[in-house]
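A short write-up of the structure that comes next.
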Amino acid sequence: MSRLGVLLTICLLLFPLTAVPLDGDQPADRPAERLQDDISSEHHPHFDSGRECCGSFACRFGCVPCCV
């Protein structure tokens, strides 16, 4: 059991948990900043303002919400 503890200690020293990126750093988790960056679907070139959605072709390229 002490070998496992030594191995765990060595692994934590070589690869600390602070080196792992947090999920909060992802832009998808920050919708307010996404809207400020002007990357919302309403500004997508394939957004249909009449139907207020994107065509099925544009959905493959990141335009949401998709028309079904």
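Residue numbering: from 1, along the chain as shown.
Yeah, the Cβs are placed from backbone N, Cα and C, and that goes for glycine too.
Summarising the annotation, Swiss-Prot assigns signal peptide to 1-19.
Annotation source Swiss-Prot lists region 'Disordered' at 22-46.
Summarising the annotation, Swiss-Prot assigns compositional bias 'Basic and acidic residues' to 27-46.
Sequence annotations record features per position, and here Swiss-Prot assigns disulfide bond to CYS53-CYS67 (among others) based on similarity to another entry. The secondary structure of CYS53 (disulfide bond), as reduced to three states from DSSP, is extended strand.
Taken from Swiss-Prot, the feature disulfide bond covers CYS54-CYS63 (among others).
Annotation source Swiss-Prot lists disulfide bond at CYS59-CYS66 (among others).
Neighbour count (other Cβ atoms within 10 Å of the Cβ, all protein chains): 12 for PRO65 (4-hydroxyproline). The 4-hydroxyproline annotation in Swiss-Prot covers PRO65 and is backed by similarity to another entry.
Between the disulfide-bonded residues CYS53, CYS54, the minimum number of other C-beta atoms within 10 Å of a residue's C-beta occurs at CYS53.
Rounded to a whole number, the C-alpha distance linking CYS53 (disulfide bond) with PRO65 (4-hydroxyproline) is 5 angstrom. Distance between Cα atoms for CYS54 (disulfide bond) and PRO65 (4-hydroxyproline): 6 Å, as a whole number.
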